[in-house]
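As written in TrEMBL, here are the features:
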| type | residues | note |
| --- | --- | --- |
| SIGNAL | 1-21 | signal peptide |
| DOMAIN | 50-169 | domain 'Purple acid phosphatase Fn3-like' |
| DOMAIN | 174-280 | domain 'Purple acid phosphatase N-terminal' |
| DOMAIN | 292-507 | domain 'Calcineurin-like phosphoesterase' |
| DOMAIN | 533-592 | domain 'Purple acid phosphatase C-terminal' |
Amino acid sequence: MPKVLFVLLCLVGLLSSRCSGDASNGRGDQPLAQINIYKASLALDTSVHIHASPQVLGLKGEDTEWVDVAISNPKHSSNDWIAVFSPAKFDSSTCWPWQPQTKEKSPYLCSSPIKYTYMRNYPEYTKSGNAIVKLQIINQRADVSFALFSGSLDQPVLLGVSNPVAFVNPKAPVYPRLALGKSWDEMTVTWTSGYNINEAVPFIEWSSKGLPARRSPAGTITFNRNSMCGEPARGVGWRDPGFFHTSFLKELWPNREYTYRLGHDLFNGSTIWSKNYTFVSSPFPGQDSLQRVIIFGDMGKGERDGSNEYNDYQPGSLNTTDQLIKDLKNIDIVFHIGDITYSNGYLSQWDQFTAQVEPVASKVPYMIASGNHERDWPDTGSFYAGLDSGGECGVPAETMFYFPAENRAKFWYAADYGMFRFCVADSEHDWREGTEQYKFIEHCLATVDRKTQPWLIFIAHRVLGYSSNDWYGKEGTFEEPMGRESLQKLWQKYKVDIAFYGHVHNYERTCPIYQSQCVNNGKKDHYSGTFQGTIHVVVGGAGSHLSPFSSLTPKWSLVQDYDYGFVKLTASDHSNLLFEYKKSSNGQVHDSFKISRDYKDVLACTHDSCEPTTSAS
């Protein structure tokens, strides 16, 4: 969209949901953004005592530990709050040279904490000024300290700082993320460590029962402050991200369990190992076997230690994560379709997220898509000129996770998994007819052999199809402008079974639809026979604060749920697909339907799905 037109539409309110981002709901920005660290002042008080224990973490190889922070403050206040800093030293000596916001005076502090919580959450503290706060700490390549503040988040006053605590090996390899490679017999493993290539050689050691153990090399990449596009990612939100290593495990046997571990050969002759993990390799494209797919968007991260500011911002995140972990033996692959961490320029949150999803992402492929909170930033080629990425402009997502795109900066790709073909679009880049992405989408849809891969799925973050969300209703669109207008002829021509979207934080399912009209016979729990139209599903309620529905319910909107949940697709064979929408709170099925379709039903023509024919014999 031309920038002038976008600005004009923002001014008249036609694109309010995209000009203001998710902050338009009144909850404000990322929790860390509420802290004005530049205005912090020092009032260190010798009567304030803070002690953290244990001081050495990870003695048994753990990458997550609980720390007891004992606090004593005789001058306690209901406005006190405790923040976690990493690295532990966070005074003005750590500030970077260029600080345009602080020309008049150098701040005492210039780096944001990695999380915080109010002391009023601890009744014993409000009564006596004494409390033991239990906080969960993950290995993030640096030591940690705990700081007590008084005053508001906008005028922080530092009262005291604890002793530092640190993991025994802060550089250890952690948080592996699996992803499909570019060929069916390939699995990629990406992980984080503190080791650059001048310190250690990264690799994967992997094996399967009956096969000899192998080692596969890993590449190493990272990014720096100059890779970021704006504040806070370049400023208070910056934190050294460490190094990211990706290994390609090739020539895998289909549907076979493999064991793997992350390794770093140090130049002193020793080797650093991670714990052991397992995964099951992908089925051969078209293989007739049980295949189970999880799809959701907008999950974000939570805090298990009760840091309520995060759990209020993304209250369903941990529930969704825990339901996936609970049912992991019945899951084969996961698609997280945008708005991944909601870090919004606070880089520490990416480590927090990868630690949260490690039980899932280390076991099954964890495929991601690009959302507004990963990509959008003015003058960076984003289709929307919003500020939702906090200056990240896609860099952490594209670097920390692997996905089989031809160009990682162009976040669209095809993924084959057994009987499924997934065409993953990037709603933050132009998708309209004639664009590079439009050509990719058509090629992805057109090149699937429906005889062997009958289930064709389209994925994008923003709703390019149908949603009766409140802000869309106010704009009078029930979609992203130019969304279905540009793409519906492709969905229809290539007979896309289901299209999934996030961005809107609720659940909604349409009838099989084409050109805003339901094209089925009224059933909503079983679709069989000739393809009539694509079913569109919004599944953006995986964690972040919920989005209300419009007061108007269109005829095409069959099921709505203002709650947290995710979708599970189960393909039992080439003719039957089960769709289930499950609640994050308890894992129970809230909505479901089945598709029964033989190959002849896919070949049959309907509603603009075939080229014009002649009567010639």
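Cβ atoms here come from the backbone N, Cα and C positions, even for glycine.
In the predicted model, the domain 'Purple acid phosphatase Fn3-like' (50-169) has a mean pLDDT of 91. In terms of DSSP secondary structure, the domain 'Purple acid phosphatase N-terminal' (174-280) contains 3 helix, 54 strand, 50 coil. Residue counts for the domain 'Purple acid phosphatase Fn3-like' (50-169) under DSSP, split into helix (H, G, I), strand (E, B) and coil, are 15 helix, 48 strand, 57 coil.
Each residue in the domain 'Purple acid phosphatase C-terminal' (533-592) gets a DSSP state, and the totals come to 0 helix, 33 strand, 27 coil.
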